[in-house]
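Presented below is the structure to which this report refers.
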Ligand code: ATP
Ligand code: MG
């Protein structure tokens, strides 16, 4: 499997509870490397644009509010099959359905405040990475 990059976001529910390090330890233990990282406050416009694919879903407004409620850590993870590997470490969207060892099973508060985001395909990863990072900010 090829080396890939994926976009990871540590969401406000997790930054608020000071869980950035604990969550990133799980990514690093799985063989993912953090090759870019910054802590930022998302604006409503930015969060709305990032989640535009979910615009028609009933939770869109609430999701945008929750993503702007506190800072997030946006980061690029690199590794063999990074897109799927990251999603394996994250666990299912609903923490009640997530495998016990995963980030969401251990840390998520709810299906919405579920501690992390991860790109769902290499194509979307490229789009999402470019949304937050210049190529010069990614340092393997
Ligand atoms: P993400 O895209 O954040 O990595 P995901 O791919 O597991 O998560 P999506 O279906 O893409 O889940 O939904 C995007 C985000 O919207 C979820 O991470 C969660 O915060 C929120 N969300 C999804 N389903 C619901 C729901 N039924 N109720 C409330 N919020 C939801
Ligand atoms: Mg998704």
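All positions are counted from 1 along the displayed chain.
Note that Cβ sites are derived from N, Cα and C of the backbone, with glycine treated the same way.
TrEMBL entries are annotated by machine, without manual review.
Taken from TrEMBL, the feature domain 'Nucleoside diphosphate kinase-like' applies to 3-140.
Summarising the annotation, TrEMBL assigns ATP binding site to 11, 59, 87, 93, 104, 114. Under the three-state DSSP scheme, residue 59 (ATP binding site) falls in the coil class.
If you look up TrEMBL, you'll see 117 marked as active site, pros-phosphohistidine intermediate. Taken residue by residue with DSSP, residue 117 (active site, pros-phosphohistidine intermediate) is part of a strand.
Sorting the domain 'Nucleoside diphosphate kinase-like' (3-140) by DSSP state (H, G, I as helix; E, B as strand; all else coil) yields 64 helix, 28 strand, 46 coil. Residue 117 (active site, pros-phosphohistidine intermediate) and residue 93 (ATP binding site) have their C-alpha atoms 9 Å apart, to the nearest angstrom. Ranking the recorded positions 11, 87, 104, 117 by how many Cβ atoms sit within 10 Å of each one's Cβ puts 11 at the top.
With respect to ligand 1, the recorded positions 59, 104, 114, 117 contribute 59, 114, 117 as residues with a C-beta closer than 6 angstroms to one of its atoms, given in sequence order.
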